[in-house]
Structure formats: C-alpha cells, structure tokens
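The transmembrane segment annotation in TrEMBL covers B:58-75, B:87-106, B:112-133, B:145-165, B:187-207, B:237-261, B:273-297, B:303-323.
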Amino acid sequence: MAAAQVSVSNLHLVINNKSILTDMSFSIEQGQFLGLIGPNGAGKSSLLRCLYRFQDQTSGTITIDGKNIAEFNRQDYARKVAAVLQEIPSQFNLGVFDVVAMGLTPHKSLFASVSLRDKQAIQEALLKVGLTHKQKQPYESLSGGEKQRVMIARAIVQSPSLLLMDEPTSHLDVKYQIEIMALAKSLGITVVASFHDLNLAAALCDSILVINNGKLVAHGSPQSVVSSSMLAQVFGVNADVTLQQCAEREHAIPHIRYQYQSLQSAINSGTSRSQR
Amino acid sequence: MRFAASNVLLLVCLFSFVCSLSIGAVQVDFYDVWLALWSYDNTQLAQKIVIELRLPRAVLAFLAGAGLATAGLILQTVTRNPLADPYLFGISSGASFGVVLLLTLFGVQSGLAMSGAALLGSICAMSLLLLIAYHKGTAQIENMLLAGVALSFLFNAFTSLLLYWSDPQAVSAIIFWSLGSFSRADWAWMWLPSVVVISGLVIVICFRRHLNALLLGDESAVTLGVNVHRLRLGMLLVSSLLTAVLVAACGGVGFVGLMIPHIVRFFISQARVLGMVVTALSGGLLMLWVDVIARIIIENQELPIGVITAAIGSVFFLSLLMFRKRTASI
C-alpha cells in the first residue's frame, strides 16, 4: 500500500446546465491527509464523486501517480482508490465479516474463492478497527461508529493507495469522530475526507481545501486557511480563531469558537426587520 | 456446522424427491421407485407411473422452485428492496396476457402452444420494462419498480378486457393456467427450464461479489470496481428469463420468489455462496412438497399450485415475523 500522489487540474463539472464545480486545480502530496470543508451544497461530495469516478467530469483532468484516472479500468482503479461513503446497507442481514470481505471484490476473478491469505487480511483489518469480537454479528446490529469502522476495514482489505471519505463522521459521537479520523490517518496512505466539523478538520488534517459555490477558495495548512475572515466569508458565521500549541504536533492547531451572541442578534435583527 | 446443515438439506432434498415419486393417487413403494430409477422396466405399471408421470413433474417442480427463488434473490439484491419479487415486474402479467390472447384469438388450448404464448408474452413485458427503465441510459431503482408495477397493471387491464369478451370455457382454462400446475411437465421440453435454471444459478454464484457489492449502494459498488448499470441490466435479464421460462412451463406460481430468499436470509448472511445455494435448494424443496400436496389433498382432483404456495407462504411468513427473535445471524 504505497501512498498515492494526486493532482487535479482545471476540473469543471456541469450537470443539467448547472455548474457544480468550476475550474478546480490542486494537488495532494503522497501520504497527506487532506480535509474538504465548505457549506452544504458547496461541491464537496461532487468533487469526491469525480475522484472515485462515479461522476465523469465535464472537462479537466485528474491524475493519480501521474496517470490520468480515465485510463484505468474499473478493477485496477478500485485496487488503487477506496471510498468510505455515507451509504449504509440494511435489511439484508449481512454479517460483519462478509461486509469486510467485500473489499476483496476488485482483487478476485469470477470463480475465485476466499483464500487463507484473504482471510488473514480480513482478520488483520478487523483487528485494526478493533472489531474482531464482533465479526460474526449482523452488520445492522452495530452502532453507528462501529458501522463506519467496518466500512473502513472493508477499505483496508481493498488495500488502496488513496482513501476517499465523504463525511464519514456525521451523526457520530465526538469520541467516534476522533477515533475514525485517527484510524484513517494511521493507515499511512493518502486520504481525502470531507468534514462537517471544522474544529476536527483543523485538528487532524495536514492541509485543508475550502470550497464554496463549486469554487476553490483556499488551500493550505490549517493554520493558514482557518481564520475568522474565511469563516465569515464562506460559512457566514462570526467566530474567533485561536492557535493552540499541541505537545505532539510541530504546528499549532487552530481552534474555532463561534460567537453565539452575534448570531442571536442577527436573528433578532432579521425578525425585527420583517416585523417592520 | 454450517456445512453439516447444508449437507442435511441436500439429503432432505434427495429424500423428498423419492417421496414425491412414491406418494400419489397410486401409492408406489420405495422399492419400485428405486427399480424404476435404476433398472426401468416399462411393462410394469408402477414403474411407468414413476418415470413417465411423476419424475417429470418432480423435476419441473424442483426447477421451478429453485429458479423462482433465485430470480427473487437477484431482484431483491439489484433493487435493494427485500420485498421485490419476480411477479412485481409485470413478467407474469405479460405471460397471462400472451395466453389469453392465444385462447381468445385462435381458440388453441394445447399445453405447448400456451407455454409458447406465455413465453412470448413475458419476453414482451420484460423488453418493455428494460426499454422504459433504461431509456435515458440510467436506470434508477425507483423508476424500474414503478415501471414494473405500471406494466403489470397495463397487462392485467388488457387480460381482463379479453376475458370479459371470451366464452366461459376459455375463462376457466385461463384461470386454471394462471394458478399454476406442473401437470404439463413433459420430457420433450424439460431441457429448456433445466438449462435456464442451472445457468442462472451458475451466473449468480459467479457474480456474487458484484451482486453483494450492490447491497452497499450504487456509489460504493462503483468504488469496488463494479459496472453497476451493466450488472443490473444483465441480472435483470437473467431473472426475467428465469421467470419467463418458468411461468411459461407451469403458470403463475407466486410467493416462492419473495418468500424463500427472505426466509433463508433470516438464518444465513446473504453475502455467502452457501446462502445462495441454500436459497435455490429450499425453493426446490418447497415446490416438491407443494406438488405432492396438490396431488393428494383432494382425491381424484388436483389443486392449483398457486393457491397452496400463497396459503403456505403467507402463514409461514406471518408466523416467522411474529416469533422471530433477533439473534446473531450466520
């Protein structure tokens, strides 16, 4: 599992005459953890869809390790790029082990069965996400955090060099949010993840990409990107950003404190205006 | 332990097969069944009954059960809807329409012609469904289900209209046909359902990983290297062909395709080959016994298969839902 180097240049995506992504260019270094942030509907998921080839871009190129992603065949691409999405299977009584084993799909021919080595790989992945003891349970009986960990184990079995995650931690408890992102980070491969929680993104990512209205607004380290002016401009909130020194990290981590008073006054002024 | 269970199932299937050959209006003992199977003597009446009347019925019943259960499994997987069923997509309505058209327009009542008409009708319904669902190049599951339901109503409307104009004799023939029966089983055309059911099962087992990946969702399946549109189209074709051929061979046998995969799923994770094999075997097993019941429950008369499957199926299903415990699977 070598880490991949990704570069995106002049990416445009137009769906039904509506421009979803406009002229995006950026690159991700090997082994980096890139966070995507932006308001709802900004184009985070669309960008990820282009990266995992669910959506073909209108123009522009995406290359992985110097090769255009359009040139990969489906199976080869799935061996290189895995994705953890928000889709959750239900009602089909899948066992946890079987869901993790689905990561083998791009590595297997039609007639091949699960070999001893594959079983070992599945066990190792389960161990990594700490769910060895639950492998025989039905997937549906797990908690939200465990379900996402199973999906990550599936991605580990897929042994990709690039992992894409579409808001893998929304609806989860804080503990699991941190756990899952730390788990993804520990894999040592290139990761691109979209975030809902800006503080989490600022704390965990090597670099952050800010998207607004389908355009790339900022790209850089958390310290340089996360600022109160950016938050006001892109997210429309008033917030203070302080830098926190962290013992294990060489850089300070930006910490966001939202100003709820000003929000309240904004609402009040809005209602008073409408009353007038 | 699981393999032991599947071996037991296999043994039960073999035993049931022999039972279904021995039980009937004329009781044939196991020894005669054994003789008929291994050293057939066509001067013996008992052996003649076994080979020429009961064996083709039993084989057709088993194939129908296994095939419909597999078709149901495929449809439930590709639509990610545990309530999908081969009859939901208008395939059997198309078949009924074909038969009614044949009876009212040409007055033909031979079994082979009816089967041919049913096959044509269901293939027609299936092509319409695929055309509608794929006409923009993307098949949304919801569109497909809606198109199937709409088509089935459309064909039913035509069928009712034709029935309204036809004579009572034709009406009763059609009703008997649409309730399903294995009495038309004949060695002459048994190769067709055999080939279709066996190859259907082999295809499903080969593509099991891709099918299971679909259960995660379309986008996740794409990231696992699955060509979702092509797989879904291919699998729809396989299940439609299975349904079309079986409906043509034995009329409307409902509930098996919906019920068997559902029941098996209670016990075995669907993502395993074992689950798929057990689904097919259980479907065949159920149909074998349904056929036996249909033949013996009323003396000198045969009950329609569809009535029994629906009755057993709904009762079994309801009790399973009521008494089911949420325990660990596999």
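Glycine is treated like the rest: Cβ placed from N, Cα and C.
A TrEMBL annotation is a machine prediction, not a hand-curated record.
Taking every recorded stretch in B:87-106, B:112-133, B:145-165, B:187-207, B:237-261 and counting its Cβ pairs under 8 Å to the transmembrane segment (B:273-297), the highest total belongs to B:237-261. Using a cut-off of 8 Å between Cβ atoms, the transmembrane segment (B:58-75) and the transmembrane segment (B:112-133) share fewer than three residue pairs, counting only pairs 6 or more apart in sequence. Segment contact is absent for the transmembrane segment (B:87-106) and the transmembrane segment (B:187-207), given fewer than three CB pairs below 8 angstroms at sequence separation of 6 or more. Counting same-chain residues at least six beyond the ends of the transmembrane segment (B:237-261), those with a Cβ under 8 angstroms from any Cβ of the stretch are 60-61, 63-65, 67-76, 83-87, 89, 91-92, 95-96, 115-116, 118-119, 122-123, 126, 129-130, 177-182, 184-185, 189, 192-193, 196-197, 200, 203-204, 270, 279, 282-283, 286-287, 304-306, 309-310, 313-314, 316-317.
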